[in-house]
Amino acid sequence: METGNQTHAQEFLLLGFSATSEIQFILFGLFLSMYLVTFTGNLLIILAICSDSHLHTPMYFFLSNLSFADLCFTSTTVPKMLLNILTQNKFITYAGCLSQIFFFTSFGCLDNLLLTVMAYDRFVAVCHPLHYTVIMNPQLCGLLVLGSWCISVMGSLLETLTVLRLSFCTEMEIPHFFCDLLEVLKLACSDTFINNVVIYFATGVLGVISFTGIFFSYYKIVFSILRISSAGRKHKAFSTCGSHLSVVTLFYGTGFGVYLSSAATPSSRTSLVASVMYTMVTPMLNPFIYSLRNTDMKRALGRLLSRATFFNGDITAGLS
């Protein structure tokens with residue numbers, strides 16, 4: 001790349017959704033509503049699982065971690081975007097940009113790995129039901145989640161640290177609403193070969209592990225279900241995996257959509273819309289997917305809300 005006019009970045013300009021003030025106001029209301037729904041939905045899932053002993057099982061343990069990852073994944077970018085729209089100040093500091101890259105990559109990778117772990121959990125539940133509690137013991141569940149966290153943090157840290165070696169040109173505009181790593185690399189004047197190698201290697205390894213794990217799990221699940229003679233047992237087995245399969249399809253479908261939109265057209269607006277689907281819509285829908293058709297989860301949420309209402313009533317009565 002060109003080496004002239006290099007500088008150490010102090011701040012970047014997030015162009016985001018360039019629109020009139022009226023449209024910006026509408027976007028602020030829309031994104032704030034989506035964020036509040038996402039935050040509340042995932043927080044309720046976590047609280048319901050923690051407060052209900054009936055949900056202290058491997059499946060719900062992984063689900064609570066997924067909800068936490070989704071909550072943090074969205075919180076990494078959306079609050080800053082809302083602040084930028086509200087104040088009309090679209091600048092982000094260099095340190096803030098690196099922080100966004102690190103946490104966005106960490107929680108995105110964690111989402112990916114947790115979905116793979118949950119696919120393995122469903123495989124054991126359907127294909128080895130009699131040995132489920134022995135195989136999916138608390139020690140293994142803890143190690144799977146801890147391993148997912150470690151891989152996510154280490155991979156993200158490596159990608160973020162490679163950005164520190166870069167010098168940037170005078171053009172500091174990012175055509176996005178957050179510090180997307182690939183967009184930041186495009187602004188660098190110094191050589192980004194090492195950065196690209198790290199990104200594509202990490203993405204490739206993670207993609208192969210996740211795709212292989214999920215594909216193998218559901219390959220075995222489908223063949224196990226087809227061998228079941230009872231229609232009722234078949235339906236129960238399918239319903240056990242339905243929510244997870246829906247979330248997997250939504251997660252990878254929107255992620256693949258972001259990639260295709262970036263590769264097919266240079267339009268930043270198309271990429272922005274695809275990124276909103278990936279960073280906001282998917283985490284917002286996950287709590288609904290896991291709770292609407294899950295009787296145990298709906299009961300736990302009902303008990304949680306009942307206790308909250310009762311507690312609020314006691315406080316109100318005490319103050320009056």
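For all residues, glycine too, the Cβ spot is worked out from N, Cα and C.
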Same-side flag (membrane), Ser53 vs Leu260, source Swiss-Prot: no
Secondary-structure category, per DSSP, in which Cys189 (disulfide bond) falls: coil
Reported mean pLDDT - the topological domain 'Cytoplasmic' (293-313): 80
The one of Cys97, Cys189 whose CB sees the fewest other CB atoms within 10 Å, among these disulfide-bonded residues: Cys189
Secondary structure content, the topological domain 'Cytoplasmic' (218-237) (per DSSP, counts of residues): 16 helix, 0 strand, 4 coil
Close approaches to the topological domain 'Cytoplasmic' (47-54) from elsewhere in its chain (Cβ under 8 angstroms; 6 or more beyond its ends): 60-61, 63-64, 296-297, 299-301, 303-304, 307
